[in-house]
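To start, the structure itself, in structure tokens.
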């Protein structure tokens, strides 16, 4: 275990030093695009089509301490995770069993089931025009303090709309700038340049998008004019995180981006009847554009589909020859049910080995990494589970017998272990989980037919006593002139979550992949959720200890 004493963090600062650091952080953020659009002031909660104001993103003044060994281990594991989830996405039978609407979680979760049924229909009609898939991934971790040591434990693996890559890079640059300009007033010997790792997430994510654009494989004259499509949510406040990718694509790779919502695409999108190329029209261009790659920053939540026609638009995109980031099978592979299924005996190993060249003659056998991957997982199981291990675990609870009738062992065990658990549905975006003491009442109200949609996961017990200085963004672009530093900055006990980014471009052959950067989100311990966009946390970086 690292000898670092987390309870001593952050170092003490005087009110004058705190104000100086806050000024440095907020002006840097405003000057370097570490920004959000402010909350809408309109009754309909809509953003103006042409923004006129911005606010800095919520941020941390001092980076979060993170053990160097665990930080490096997380980065090294990312390539294994990249390949693992690429292979999961290519295993149609596995996804049908785990996520499908006939025998998987899609029976209980209507959103998942609708996506799966759309994918199945496309498959059955032979309409999968593009064999390649692109994943821009993020694997999220917390430190688990157990048995006098710190272990790296995975929270989840994200396969769609893995956000905050560009803003996380700018948060790390902000902390390096503060270090260079103030030395953090020599408040801690840990605050040195050697302990502030570089972060180049923007260029790495764009590398993945540009490789997909190149792999699209059209004649050069079309390649020059082909575009990448960003599918975005209406009234998006986190627009700058997306547009830094757009600027990098244009400035470094000469690739243009078109941003449209599903509502826009219902009017603008069509498929070429002979080539299945995705063609977009635009009111600003007289000529339509062919799309090489579709990058989804939407379509991960039911609210993105207010009517069945929105699903029709999503499925039209899937039928196109454009490379999807992610494709429907890759989106389904990121489900919590897949995360739980991989923990079952032998399942991970089946995906990591390459016996008989089942993943291709050039594919790597990654079986040697199985123990390292499994070591990052907490215990988890399905609420509808009847596995022998779950039944055996119930023997430790004397009142867990037959009195509960038809309640599955997985649900009964979740009730008994509720104080140390989190329940997770098949949802992304934050704000969906059920924690600890809230679990029994939730289970009481959960219809039996919906149990299959949920997994139980042991809580990661993070180091206690570590605090941070959190700078919340103002609710509007106009803060009051006399706002005190005490109201602008709060010192609270915190939890910091590390995310590692990677990309994978894959099909039936070799997986082209790379780890490309990292993210830190810090939240107060009173908050169970970790989403910055959902309002639960702030952007941060690491000081390696």
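Using the three backbone atoms N, Cα and C, a Cβ is placed for every residue, glycine included.
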Discussion item. The Mg(2+) site in TrEMBL lists 156, 158. Which one of 386, 428, 437, 449 belongs there according to the record?
Written reply: 428
Worksheet item: Mind checking how the domain 'Glutathione synthase substrate-binding' (227-333) divides into helix, strand and coil residues in DSSP?
Response: 43 helix, 33 strand, 31 coil
Worksheet item: So which other residues, same chain and not among 156, 158, 428, have a Cβ within 8 Å of the centroid of the Cβ atoms at the Mg(2+) site?
Response: 138, 140, 157, 159, 160, 162, 334
Worksheet item: Which of the binding-site residues 237, 242, 300, 459, 523 has its Cα closest in space to the Cα of residue 158 (Mg(2+) binding site)?
Response: 300
Discussion item. These are the binding-site residues: 298, 459. Which one scores highest on other Cβ atoms within 10 Å?
Written reply: 298
Worksheet item: Considering only the binding-site residues 161, 163, 300, 435, which fall within 10 Å of residue 428 (Mg(2+) binding site) when distances are taken between Cα atoms?
Response: 161, 300
